[in-house]
Each structure stands twice: as C-alpha cells, then as structure tokens.
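K.L.:
Quick one: the structure is below, questions incoming.
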Amino acid sequence: MKKKLVLLLLFVGFIALLAACGNNGASDASNEGDSNAGEGNKDPVTINLHHWYNEEQDNWHAVIEAFEEEHPHIKVNTITTGNNNSQENREQVDITAASGGKLDVIMLSNEADLNQRVAYGMFEPLNDYIEKVGLNMEETFLVDQSIDGVYYSLPAKYSMMFVMLNKDALDEAGLDIPKEWTWDEFMEYAAALTQGEGSNKRYGTYFEWWPFYRTLALTNHEDAGYVKPDGKTSNMDHPMFRKSLEIRERGEQEGWATPHADVIGAGLNYRTEYFNQRAAMLVTGSFMVAEAGGVPGSPSEFTTAFAPIPTSVKGDPITSGGGVETISIYSGSEHKDEAFEFIYWYTTKGIHLQGKYIPATAGTDYKDIVQRLLEDSPAPEKVDIDSLVHTLEVTNVMRPLIVPYQPELDSVVQNLTDEFLLGSEDMDTTIEKVHQRVQQVIDENN
Amino acid sequence: MAGKVEIGETSTVVKKRPKMKDKTKETWAGILFVSPLIIGTSILVIIPIFMALIVSFTDYVFIRGMGEMTFTGLKNYTRMLTDAQFIKSLVNNLILLCAIPVSMGIALLLATIINKYVYFKSLFRVIYFMPFISSIVAIAVVFQLLFHPSFGPINEFLMWLGISDPPRWLADTRWALATIIIIQIWTGLGFNLIIYLAALQNIPKELYEAADMDGANFWGKFRRITVPMITPTSFFLFMMGIIGSFKSFELIVVLTGGGPNYATSTLVYYIYERAFLNLNSAYAAALSIFLLLFLLVLTIINWYGQKKWVHY
C-alpha cells in the first residue's frame, strides 16, 4: 500500500511538474514583483518589458533605474533575448501571448510587425491615454504610426535609410561626398569605386538579400508600398519598381555590385562585406551609426562618410521610409496605465537619457546624439561626423502604406525577384509575375 | 520512538485490509507503470493533434486566443489545392525521399569495403561518423564556403576541369535542392554506415564459406547473401530516412530560408513560414494535418511493402 502511495505521489508530482512548466515565465515575474514590494507605501506594480537588446551594452539598466526612481509605484521587469535579434523577440512575444503569459510593454522593430499583430487585436489603442496626458503626437514625434487614425504604439528608436561610403576609396577615386544625389549618380559612383579582380575585388556596393533592396527606387515616393494607397490594388506596376530592378540588373551586368548569387549562395553579410572593404558603399539604415567606427575589438581601418539616400529625380525631396521601432501595450495587460506611463516616459525622456539610439522625437540635436552614440566606438575618428549630421538633418521620413499581411508580400517580392536577380527570368516577366502575385495576396486577405 | 510506533500502526492497518486479487493488482501496477508515458504522450502529442485538427477548420490565429475563432469549414483544405508554394514544397519533399536509397547504397558500399578490405577499421568508422555528430549550423557554414558560387573550391575545381559555367549551387533555382540533398547524404552517411557495419558483422561466416565452396564470385555473394541478410537493417534505415527527410528543417533554415523562389522549401519549412511568419495558424494546422495523413499513408505502404522484401 505504501509503495502505491509513493507511486501515486510521484504520479501527481509528474503532472504538477508538467503544469508548472507552462507557467514558469509568469510565476518568475510575479515572484520578483513580490520580493520588491513593501518598500513604498503602496505596493509597486510590476510591468514586463519585452525587447531584444543587450542590456549591458545599450544602457538599459540606467534607463530602468531612472524610471523607477521617478515612478516609485512601478517596477519594470525587462525580458530580452539579449542578442539584438528582433525576430527572436517577436516570436517569443507571440508564444507568450498564445500561452497566456504576462505581457505589458512590447517593443517591435518595425511597423509591419506591429500592423500584422494589430489586425489580431494584440495591442491596446492609445488614443485615450494620449489625450489624457495631453501629448501632441504631431509635434512631439517625427513619424506617425497611427493605423486608420488610431495609435497603437509610440515611436521609439528611429532608423532612416542612408548610404555609408568608404571615404578613403572616395578620395582615391577623386570623388566628393554627395550632399544629395540621384540613383543614376549612385550607379556612377559604384562603377568608379569598383576595383580589382577575382577574390580580391572591391565592389562599388553591396545589396543585402532583404526585400527592401529590390524596391530601392520606390523609397522616395508617396505611394511607395507594395499596395497602392487605396489598400486594394497592387502597386508593383509602379515605374519605380522597374527602375529598382534596372539598378540591380546594371549592378550585376556592369559588375559594380556584389553578385546576388554570392550574396545568397555564400550567405554574405553586409557588415563584414563593408568593413572588410569588399564593398565601398552600403545603402543601409541609421542603426549602423554606432558601428561606423567599427565594433569593440575590431576598429574600422578606413573613414566612413555618409550621404542621404539617392532620389530618382534630381531635386526631389529626400525622403526615406524609416524603420521606426514601436513600443506598445499588450491589450491583455493588467497594468495598462502604468505601462503607458512607461512608454510615454521612455519615448520622450528615457531614450534621450539612454544615448544609444536616435530618438524619433522632433527637434533632436543630432550632433549631440551622434557624439554620444560613438562613445563606445573603438575608432570614433574614423567617422565623418559632418556628413553624418548633414544626412540625418536633410532626410525626411515618408510613410508608405503598410498592410497587416506585409510579411507575405515581402516573401512574394523576395522570391519572385530572386529568379530575376539570378538571371533565370527577364524583367518584364518578373514585373508581371510580381504584380499578379501581389494582387492575388491582396485579394486573399481582403 | 514515535516513528517506530507509527510504522507498526500502518502495517497493522495494511494487514487488516482484504487482499486485492492478484490479477487486479497486476493490472493496476501495469497501468501505473505505463501512465507516465501515456500521460506524457497525450499531453504533448495526442491532444495537440486533435487541437490542430479542430483548429484546421477555423480561422484561428494563435496570438489572438481561442475565444475569437469562427468555423470556416473546409476552406483551409481547399486552399491547399491552389497553393503553388505548398505543392512545390510537397514535390521537394518527394524529391528528398529519392535521396534515401542513394544514401543507403553509398553507405552499404562503404560498409562492405570497410568491413573487409581496409586496415584501421575503427578509424574509418569514427571518420565517417563525425559529420553525424557535428552541429548542423557548423556544417552549413562549411558547405556555404565550399559551394561559394564564384570563389568556392568546388566551382574553382569545376572550372579547372573546363566547365565554364558551373552551377551556382545554393543560389540556383535548379541546383539548390540538389545541393541540400548532397549535404544531407554527407551528414547522414555515418549513421547508415555504422548500422550497416553492425549488420554485416552479424551475417554468419558459414554462408560465405558455403558459397565459396560452390564457386560463387564477389558479386554473387553480395547479391544472394549480403543484401538479403541485411534487409531488416535496410528497412529500419529506410524508415528512419523517411522520418528524417520529412523533418529536414534546420539545414534549410540556415542555408537558404526555403529559397531561392521556394526551390528548397519543404512541407515542414512551409508550415513554419505560414504559422510563425505569416501568422496563418489555422492554415498551418491544416497543412500539418495533411502532413500527418501523408506520413500515415506512407507508413502503411511501407508496412505492407516490407513483407515482400524484408527477410527476418
């Protein structure tokens, strides 16, 4: 009988263990809250913040400390994948939401991810909260992330697209740093900067495999998305999509861009290609500023200058579809007011204090922020600050239409243009196919 | 002291109770012994399968929760019929299946050679087994370098041989899947080889001696003795190969992400893309139910087919 009792206990224990596995994350978080409680008069509320940055490197501890000091009734518990991999964070958030875990404040790396999840009711509408604190969204922030007039996020880290240029290579070729330029001039630069042969060849530029690099020339246009502003028609018959493919085709044929086959076949990476001087220019985003002088342990060997993203027509306004990160409140959060206090404080104050990212607030002193961004750089003297500040100042943000099924469209554009970039399909067929497929996906989702 | 008394008391209680029948006792013990497995499998496998089945008839999205889903009937299943990417992934899976006999054949050939015709047997065993225990990511990176379209050693060699336009391997819609198959055969070879070696050593020597007496040549002995004697092993390896090929995912994620243009997408990869990138959980559930049924049919065919060619 006793043996049986032991067995039964083991059995119950086993089930309890299984049940506990599912709740680990949540109970850890609440325990932490409890142990911190009782310091103030009221028990402080603990909110969870999900992000993907390295907390040591990016000064997060100081930010959280400052916030908790100002707001003693709130404790912030950060949960990060810690590896700068926003996709991993996104998957972790999805799974936590699906399994009923505790979510309060969620950061996402771009509006497409936000939009996709807003469609499934994941995020709390913020209009009431914004009104309550009297926050003027247009005046405070450079970008508008509202969806049909409703705000689901406040803009956090600001990323614009720009061009990084190897200044040593420019000097060698006798070229100036462009203050503003067109894609045609960009291609001339790329051709002039190409040097050498074989495995030692330095290409004029490198295009990463991302879908963005297949619609480059579209970025300067009001109707730049895959979908026309009416939300129902494919935009891939846009002349600028053809222009974008022409840029890529010339890059392949004239040999000034790293061949696409090498990029995807050998799994190349834009950081290593640029910093190892295998490509002299890089169309990339302002998230690269802190690394422009190299990363700790491997300082850059050459000076990097910056130019705004090229326009398709000379004199057009310089606009870039920014990948502005979002910070939102989970619709099932139990502490929405406290969560809003945090995101409001973070986007307007905390991010400035942190000094690691370019904030999306209006009136930012770029010179100051750039200097702070380069504090940990092993070779800040290798960054041409004047051209960088100029670039940041002249670039305006433009917001193409983003739809909830954006990832599906990204995948369509990427897969169908792969055939073209690898030379197994001609341009007209590719454009026709992309246009058709995009329209099909739009129809399926409407 | 107190403890002792307690023990005494309990044991008297036990004695007083009427004895359970031996048979019931055994039944209970049996149930208790298998219960961890049964509970484990139900929670982790059987219940999720039924959930997936239910979900596949709805428009469920996993981040939204169960409350807000509506039934959509067979929509997710009819959608598969017109889904070009799904069909492509399925075809890719079938092509991957063809690689299993090839891999087994090479393994058997090598095993026969290593078993009889070389010195340092154990050294070769270790060498061929190394890829199987190496990290997939590390293998992927090495092969990316080897298969580099412009400067990879393989293409440089081909060009040296006089092939002016060698395939671009992973960056080639026609060659990408073949490249994945080559890498998979290479990594799986060690496992097949070890199992075959063990099987070869279990074949009684007398059979070969008798055949020698009758004047059989190498090929005759191989065909009439070796191959029939190891059919159970071949069957095992074939089943493992099928399971492995339907699970092929890591290599594809690391190397190609299903591209270029779905050339290397498999069912499992496509399910992942649908479920976690596009958030079409219900459709992904329908796809996985299809995969389950497909595997079930394959297993049944295998099971009945084996009676024709496996000799125990």
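Just so you know, glycine gets a Cβ as well, placed from its N, Cα and C.
Quick paste of what TrEMBL says about this protein:
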- B:27-57: transmembrane segment (TRANSMEM)
- B:89-302: domain 'ABC transmembrane type-1' (DOMAIN)
- B:94-114: transmembrane segment (TRANSMEM)
- B:126-147: transmembrane segment (TRANSMEM)
- B:175-199: transmembrane segment (TRANSMEM)
- B:225-246: transmembrane segment (TRANSMEM)
- B:252-272: transmembrane segment (TRANSMEM)
- B:284-305: transmembrane segment (TRANSMEM)
K.L.:
What stretch in B:27-57, B:94-114, B:175-199, B:284-305 has the biggest tally of Cβ pairs under 8 Å against the transmembrane segment (B:252-272)?
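P.N.:
Comparing B:27-57, B:94-114, B:175-199, B:284-305: B:175-199 has the most Cβ pairs near the transmembrane segment (B:252-272).
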K.L.:
Any contact between the transmembrane segment (B:284-305) and the transmembrane segment (B:175-199)? By contact I mean 3+ C-beta pairs closer than 8 Å, pairs at least 6 apart along the chain.
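P.N.:
Contact between the transmembrane segment (B:284-305) and the transmembrane segment (B:175-199): absent.
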K.L.:
Given a Cβ distance threshold of under 8 angstroms, which distant residues of the chain, six or more beyond its ends, lie next to the transmembrane segment (B:175-199)?
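P.N.:
Distant contacts of the transmembrane segment (B:175-199): 92, 95-96, 99, 102-104, 106-108, 110-111, 114-115, 125, 128-134, 136, 139-140, 143, 147, 167-169, 229-230, 232-233, 236-237, 240-241, 244-245, 248, 251-252, 255-256, 259-260, 263-264.
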